[in-house]
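These notes concern the structure reproduced below.
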Ligand code: HEC
Ligand code: HEC
């Protein structure tokens, strides 16, 4: 039987697709385990003890899961969940793609009259607004745009493997800054203490304050 050419092309596409795209449904399943600490929608919790992982860059999430596994980044709670037996490489890709795809709005939703209670509750649960942090926003902006934006992007949303910093708990970011400065976590490849060790304490706080003002650009 001779099938028309467009139909053949469609078939080829249908077969080729699963190999290209990550399996988001499987990623959602895997996230069931992560949800115990990071929450159902990856919004994190306990004021940043568990970081937000929703909407983070997939390449960065993958990288960090591998770093936890190899203990390049030490984290006792995460370590068992990242072992090959628990989380094979393919699962790392699926769960990272799924988490990256979750959008957490930074504005309260506007409802229609006929929206039911569950729709309203789900929409409200997803809203994530990090409270404004104290500090000199202008100074924070100045330093951020000069010294951080080349990797973390002007918008703070990150790029490639460089993580998004906006929409993240301030406490969590502060803790990571400290562990970079102490040399416990490598920040960039060239210098284990990295750029942060060259800044004053008040500059770090100002950058954090500035980052909390950028959240509106998330959507
Ligand atoms: C037992 C609690 C727990 C579970 C379960 C857990 N995590 Fe975590 N996770 C943490 C904690 C705590 C941190 C913060 C580590 C730190 O402060 O450095 C973290 C950090 C992370 C980070 C780094 C975030 C960043 O911005 O650098 C990623 C990514 C992550 N977890 C993904 C996952 C995924 C995916 C799963 C499920 C496969 C998972 N976690 C399961 C507790 C947990
Ligand atoms: C040369 C590129 C580069 C520059 C410039 C840079 N960073 Fe980073 N940053 C990275 C990379 C790469 C990571 C992830 C490191 C890892 O794998 O643990 C990171 C991670 C972070 C994290 C942790 C994010 C998380 O979710 O755990 C914070 C906080 C941070 N950077 C702040 C800053 C600040 C503030 C500046 C400017 C003063 C800055 N960075 C400049 C590359 C850079």
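Each position is counted from 1, following the chain as shown.
For all residues, glycine too, the Cβ spot is worked out from N, Cα and C.
Not measured: the values here are computed from a predicted model.
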Open item on the list: Based on TrEMBL, name the residue from 74, 78 that is recorded for the same heme c 1 site as 34, 37, 38.
Closed with: 78
- [ ] Give the subset of the binding-site residues 37, 78, 148, 151, 152 lying near ligand 1, defined as CB under 6 A from any of its atoms.
- [x] 37, 78
- [ ] For the recorded heme c 1 site, enumerate neighbouring residues of the same chain (Cβ within 8 Å of the Cβ centroid of 34, 37, 38, 78, site residues themselves excluded), in sequence order.
- [x] 33, 35, 36, 50, 53, 77, 81
Open item on the list: My understanding is the cutoff is Cβ-Cβ under 8 Å with a sequence separation of 6 or more in the same chain; which residues meet that for residue 152 (heme c 2 binding site)?
Closed with: 144, 158, 159, 162, 163, 164, 165
TODO: With an 8 Å cut-off on Cβ-Cβ distance and a minimum sequence separation of at least 6, pull the same-chain contacts of residue 151 (heme c 2 binding site), or say none.
DONE: 158, 159, 162, 188
- [ ] Quick one: pull the CA-CA distance for residue 34 (heme c 1 binding site) versus residue 148 (heme c 2 binding site), whole Å only.
- [x] 29
